[in-house]
């Protein structure tokens, strides 16, 4: 054990195990998660290849092998609970992306959300056992987030009771679905439904694409891999082109919308019900943002405690770089953000499950807010985490650029989350559309609930966006209640500014669509402020529920840092709205520096509480034992370029050149 890390852990003011229990949901969850992890670590069949030294084809093969072995092992161990499956995958796959992942994360959830009982009986078991390997084919070469623009067609033929699927243009070719290129034999395809001469918009169809047994593409199907990408090298993101490809009528998922044998269309109770899979995945991505940022913080903070560099006082030993205030200012707000996102991720998961249960009973009242909140928080958390992961890499100096640090892989694996499952700016605008509807309802005298209830204060003119918001007392920068109120006022103010600017453009005889575009920057700002308020509120609401006083104190410091750092970064919004004064902003910045000092003794213990195994981190710099330099040298020796003392290229190219000089 590195002596600096040993000292760091000894200096902590709390027991990290107690925070681990909170993050896992309970001590029992922690016990069970570790039990599952130990099954993997003690299994002789488990092998962990260093993906950094593999070709793309090798990475894909290893990932497929891992996926197949993982399914067999989960059956062997009797692991079927969704949360336990997630724990198993995280350690078993380590830092590999799973080619069969969309079978479990999108194909099966879509069957559950949109399939009839008969359809679930037909396809669920085979897909759970990987007889059917499914993917989710929505995105096309020419359209992604703009679902109404998708061009793939499914035309119903009542004579044969079949749908005829076509990719009518080059831009209509399905493009990007994970596992589509080489792995999947089925896809849930989103296509424009045409029956009796009318187009009824996007619907989901279960489409066999490869023959089971031979795995060859079926007639009418053209399918393959889209090529190398920024990351995800072991994932076979693919393309799919369909030419007059016929599937039975029963392959349309018909839990909500239906097509009768004669071609009659029966519309769903709500069009938004078909977006269930997207909402599910977006709610999951919030938690994934927390996980990825937590990994990067763990690596950067542990390494910063081990790395010694430069000097603070002359003639004294080189200090740990974690002692530099600038390093703390880079990393501790990100650590606070990781914790904030953990809590909001759990909140979103619980909210999704609760509302989904209500939807199953026919209550759709909370669906619009769920759709808006998952879209906005998906964008807010992934943007923030993406930038934070890169900040952690740079905080590791030159070694952070090496794949040995683990952070480059975390970054390239996470960064597509900013554009898949909904491009983030478009997601923010979807949230804004909901906020504008709520704003109109409030202005007409209706009281609203949920996370937008703060807009109920608008008619009383307590918030005056173009002038001064009435602030009854000075903001107490040590009061989480007061800081939450400040974020609430900022959100309300920016929502009202966007709404009034939108109305101004409409009153100038602009169409609603043109007015929306001309207001879109304000609308995104309003959505961002709303999401920021939700995160602050969820984090601060969590603290009173924590029993242990030492744990509560350290998490309170993180919550204060998260809230104050956000005010510092968005100071213009708070100043323009007269929510805080210039003098208070100076106090905020001073208090942030005080909090860095308070958090410093607990920094390593706070990342230890995430309880990542070294295998999951995949980092030489972030090792639990802190023995960085010895292992960095050993890691470098594994490079394929080191297999020979003299590379063959020397004899082929350099030696002939040198002999002529």
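Cβ atoms are placed via backbone N, Cα and C, with glycine included.
Per Swiss-Prot, the features are as follows:
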ACT_SITE  421  active site, proton acceptor
BINDING   139, 178  FAD binding site
MOD_RES   26  phosphoserine
MOD_RES   90  N6-succinyllysine
MOD_RES   159  N6-succinyllysine
MOD_RES   241  N6-succinyllysine
MOD_RES   267  N6-acetyllysine
MOD_RES   349  N6-succinyllysine
MOD_RES   437  N6-succinyllysine
MOD_RES   512  N6-acetyllysine
MOD_RES   542  N6-succinyllysine
MOD_RES   637  N6-acetyllysine
MOD_RES   637  N6-succinyllysine
MOD_RES   655  N6-succinyllysine
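All features noted in Swiss-Prot, drawn onto the structure.
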residue : record                       : Cβ within 10 Å
139     : FAD binding site             : 20
159     : N6-succinyllysine            : 7
241     : N6-succinyllysine            : 19
267     : N6-acetyllysine              : 11
349     : N6-succinyllysine            : 17
421     : active site, proton acceptor : 27
437     : N6-succinyllysine            : 14
512     : N6-acetyllysine              : 10
542     : N6-succinyllysine            : 20
637     : N6-acetyllysine              : 7
Modified residues compared (90, 655) - the one with the fewest other Cβ atoms within 10 Å: 655
Length of the line joining the Cα atoms of residue 542 (N6-succinyllysine) and residue 26 (phosphoserine), in Å: 14
Residue 637 (N6-acetyllysine) and residue 655 (N6-succinyllysine), Cα-Cα, nearest whole angstrom: 25
Pairwise Cα distance for residue 90 (N6-succinyllysine)/residue 178 (FAD binding site) [Å, integer]: 18
For residue 178 (FAD binding site), nearby residues of its own chain (Cβ under 8 Å, 6 or more apart in sequence): 97, 99, 101, 102, 135, 232, 235, 236, 237, 238
Candidate modified residues 159, 267, 637, pick with smallest Cα gap to residue 421 (active site, proton acceptor): 267
Cα-nearest neighbour of residue 349 (N6-succinyllysine) within the listed modified residues, 241, 267, 437, 637: 437
Separation of alpha carbons, residue 139 (FAD binding site) and residue 637 (N6-acetyllysine) (Å): 42
Residue 512 (N6-acetyllysine) versus residue 159 (N6-succinyllysine) - Cα distance in angstrom: 43
Minimum Cα separation from residue 241 (N6-succinyllysine), reported as the residue among modified residues 26, 267, 437, 512 that achieves it: 267
Integer Cα-Cα distance in angstrom, residue 26 (phosphoserine) to residue 139 (FAD binding site): 38
Other CB atoms, at most 10 A from the CB of residue 26 (phosphoserine): 10
Pairwise Cα distance for residue 512 (N6-acetyllysine)/residue 437 (N6-succinyllysine) [Å, integer]: 13
Cα distance (Å, whole number) from residue 139 (FAD binding site) to residue 437 (N6-succinyllysine): 28
Cα-to-Cα gap, residue 267 (N6-acetyllysine) vs residue 139 (FAD binding site), nearest whole Å: 24
Reduced DSSP assignment, residue 178 (FAD binding site): coil
